[in-house]
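Peer 1: Pulled these from TrEMBL:
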- B:33-52: DNA-binding region (DNA_BIND)
- B:10-70: domain 'HTH tetR-type' (DOMAIN)
- B:155-174: transmembrane segment (TRANSMEM)
Number of protein chains: 2
Amino acid sequence: MVDGRTRRRTDTRQRLYEAAMDLIAEHGFSATTVEDIALRAGVAKGTVYYNFPSKNALFEELLRHGVGLLTADFRAAAGGLAPPEAVLALIRAELAYIERHRSFAQLLLSEMWRTNREWHQTLQLLRGEAVDVIAQVLRRGVDEGHFDAALDVRMAAAALFGVCLVVAVDWLVFEPDRSLADVQGALITVIRARVGI
Amino acid sequence: MVDGRTRRRTDTRQRLYEAAMDLIAEHGFSATTVEDIALRAGVAKGTVYYNFPSKNALFEELLRHGVGLLTADFRAAAGGLAPPEAVLALIRAELAYIERHRSFAQLLLSEMWRTNREWHQTLQLLRGEAVDVIAQVLRRGVDEGHFDAALDVRMAAAALFGVCLVVAVDWLVFEPDRSLADVQGALITVIRARVGI
DNA sequence: TGACTTGTACTGACCAGTCAGTCTAAAAAC
DNA sequence: GTTTTTAGACTGACTGGTCAGTACAAGTCA
């Protein structure tokens, strides 16, 4: 099933994914050259074009791959839990994902709300799937009386997704030495805190 | 005092600011060409270089200008209020600012956490000034017993700043027809809501 | 053998930044 | 008050360089 050829090719693609992720997160899509990606992945430029039809396509598959993993993590984290615990689990899952895929998180944050790009549509769709998992949990929480009935579920889901992203990337950029557990704790305290407004 | 020359030049620079803001927000810094900016502003490419030493410098001045306005709005909004009301005022100020300067908000969200850029340092500094205004209000709120003493003030400030940005840009991109007041209300409800976790 | 990879060379489009020259408001000269 | 000069503001063709994508001959590996 997993013959040597396929494994080899998968490896190459994986290395290209990672290289592209790091570079695009650092410099942005336009400022990252295909040659740089190939160099960082340790392959020839031709190999990039053997494996992907274009720079855009590489990036789009990258997005699909990365967001797909996040959505899967979300589903696994929330599955079978009561809404309050599920929300906590989702926060933990998002932070853990961001720690594991730092570059990708930065990339998402930079490109998520950028319109007028070829892959904008794709990204919106993918994001929608991830945020939907959160929204479903919140909706169930409202229905079952755990959460305030006045809650705008869609907005709350987007907000929750967004805060985690922003806080986590902030942490990675400014306080990389702080532990994930600590950040997680502080963030949950912030979300929990009655700010009394 | 206001001779024709200076007025003309100021106008040109203003038009260049606005054109650059819109285009960079839509396409990103690298994907926006100086020629596009000039065209949109209705001047020749050379004029851009007559008014600014480089594309980077234009963008940096743009950032300084835009974030400066936001910080000023923050200071004006929070001034003289007790912490709980000041936090509300800050949220309103940020959303109002974002509505008034849509492109700039999108631009900020995209470029804020991008490292390895010439203007990265500048942007971090500017952001720090804005977030500091929020942090000071929160600190005072903790000291005066309005807010939970366990609050990580820096993180809370960053989180608050971030949620507003994310929620507002989300709104502009996905539900532009919804009114600002409505979004404001929903966001404050979300922040207030005991999610009971 | 055939799928995959390499390395090099190339093309054509595009783009940041330059520069010699034009236009015009206003200062100077008469 | 009219003419001349000056300099600030602007123009757009041009340059040097970069980069996505192509082509292909030769090499590796199952």
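The backbone N, Cα and C atoms fix where each Cβ goes, glycine too.
Automated prediction, rather than curation, is the source of TrEMBL annotations.
Just so it is clear, the model here is predicted, and its values are computed rather than measured.
Any idea what these are sitting next to in the structure?
Peer 2: If you look at the DNA-binding region (B:33-52), the same-chain residues 6 or more away from its ends with a CB under 8 A from one of its CBs are 9, 12-13, 15-16, 18-20, 22-23, 58, 61.
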Peer 1: What are the DSSP helix/strand/coil residue counts across the domain 'HTH tetR-type' (B:10-70)?
Peer 2: 49 helix, 0 strand, 12 coil
